[in-house]
Amino acid sequence: MPLLNRSRSSSPLVISKKSPFSGGSSTLPPHEVAKHQNNIDILHNTKTTMSSSSIHNYFQSQLHQVSIGFRSLSSSPPELYKAYILKFLDSYAYFSFSLVFTIFLSEDFGMSDIEAGTIYGAWGALITIFGLFTGTIIDKLGVAKCLRIGFILSFITRVMLFTCTSKHVLLFCTLVSLPLANCLGIPVLTIGLRRYTNNENRGFAFGLFYVVMNVGALIAGPLVDVLTRYYNNNGDTEEGSANDAGEYEDDATTTIDAAWTMTSNRGIILSGVIANFVAVFVAFTVREIKVDSNAHVPSAIASGADLDDDSIVDDDSLMSDSPKSKTNKTVSTFQPIQGDTLKILSETIKTPNFRRFLLVVLLTLNVRMIFRHLDGTLPKYMIREFGENTPKGAVYSINPALIIIMVPIITAATSSVDPLVMIHYGTYVSALSVFFLVLSTSLWACILFVITLSIGEAIWSPRLYDYTTTVAPEGREGTYMALSSAPLFLAKLPVGLISGVLLQRYCPEHLEEGEERHSKTMWLIIGLMSISSPLLITFFWSYISGGERGAGQSNPATRISNGERVMRDDDDMYFQNEDDDDSYQHRPLATKLSLPRVRGGGDRSSSSSPVGTLT
């Protein structure tokens, strides 16, 4: 075969032929050279065109999937859109307050960093503890009542925080009423999302739910900066400085109470009060309903077909208050399952499915601690390594911005992939992001860290919501969701302590003469802790993805093996309003992945299910 040597200079193309006998070469005639050069150019242009066309087709396909996802929500009840509104308002109030929580405690109430950090950690831990008890209450009262109670309590608490000057009132708000209100926010809205969606659009709805949360976070950051600069501008004068500090003096007369003044921190809290005020009104319009998961409407939408009245499921048990409404024909009134709280908790804990779910929640704890380091460790690290004017806010904003863009695309493209698989591989991406900071102490390393962390978060974090509601029996979602939220908040207390110790030892604020920072060591320790989560998920994969099961049994089960699965595992635990199918049952895995094998696979051909079953 000719060997082509094309020089970058303007000299003619020389094509050499190796002689099989003499090893020599010969130069082709000019017309042959032109012919070969033309063939090379055609081949190059063809490859370039195919490559550009493939990229264009890929993005066009993803945009089409996103479009289909939004169309699949078009026939959803108004409660779905109200859930998104409530999620946005709740997220803004939460993130704006969490950004200034410790600053508020120190500046307006004169607390030390240790005191402020301890209260901040206790706030997160108490959300987890209260969540263990409120989960069964959610199951008994239902979504609508819990939303009303939760947002009313949150509104009252934030008003008290805005107006209080007493440390006793402050501690009551931050350690009692606010954690309790938070418990009736995130889990309840997630349960509602399951009730307001169907088998076909549930995956996309949860992805969009996660985007809405990040929109609240994205808006909270700039608004916090604007309010802080606005009130700090008054600090240039002596009077303004006193006002910004809350006129707090640490003496015997002010150890309990401080004079109230309008500060930047209180201004930020006031914005959360306004958001909660609107949320209360929205919560009172939410009905206790559920969408018929077996309706044929979503299938028509997903396929891009036009809908007509014949495609709507009509059943005597469905709501009929508006016969002409397509939405009402697929929506029924949901009755929360009644029962003793301890009995509900006892029955749930006894199920093997719950124990597998709980293990997944615990295994993701270390990787979720990265997001607390993003809030608590990275800003101080950047200031101490790169100076006070380092763009720490801009770097932080990369995370919610990328989540808003990527989650709809990733969830639409992987809607047929099992949530547990996405959690498995996504946690690897998130955990490995820390090692950019191990390799380099630079601003670009920080940017790459946040970008990679965000990609991993977009892959797995929204699917944790999906996985939770998929494995939870209907009527018991509250107990499951209370525990699924635990890692995010439970990580606050240890991360606060770990962050302080690591920063003080490896990245101190002040250096003695000849002393150096060892920030890479700090991030190495954090990285090793984080990577343990996906490694442990891999180690326990055969258990968390399904238990032992003999061949030929056809009870509903979770199956994740060789691209086939049935996402249902009630472990012989059935309830009055339980659906036989959910968002992943009887649907083949579209994305070809090499998945870990599940123990006890058996002969799938003997199962009555199209894809086989496994507990």
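A Cβ is built for glycine as well, from the same backbone N, Cα and C atoms used for every other residue.
Computed from a predicted structure; not experimentally measured.
Annotated range for region 'Disordered' in TrEMBL, selecting from 1-30, 301-330, 541-570: 1-30.
Of the two recorded stretches, the transmembrane segment (84-105) lies close to the transmembrane segment (203-224), with three or more CB pairs under 8 Å once pairs fewer than 6 apart in sequence are set aside. The transmembrane segment (357-374) shares the most Cβ pairs under 8 Å with 523-544, out of the stretches 203-224, 268-286, 434-460, 523-544. Among the recorded stretches 117-138, 203-224, 268-286, 434-460, 523-544, the one sharing the largest number of Cβ pairs closer than 8 Å with the transmembrane segment (394-413) is 203-224. For the transmembrane segment (523-544), same-chain residues at least 6 beyond its ends with a Cβ under 8 Å from one of its own Cβ atoms are 356, 359-360, 363-370, 373, 377, 420, 423-424, 427-428, 430-432, 434-435, 437-438, 498, 502, 596-599. Taking Cβ pairs closer than 8 Å, the transmembrane segment (434-460) reaches residues 370-371, 374, 378, 382, 385-386, 390-391, 395-396, 398-399, 402-403, 406-407, 410, 414, 422-428, 519-520, 523-524, 526-527, 530-531 in its own chain, all 6 or more past its ends.
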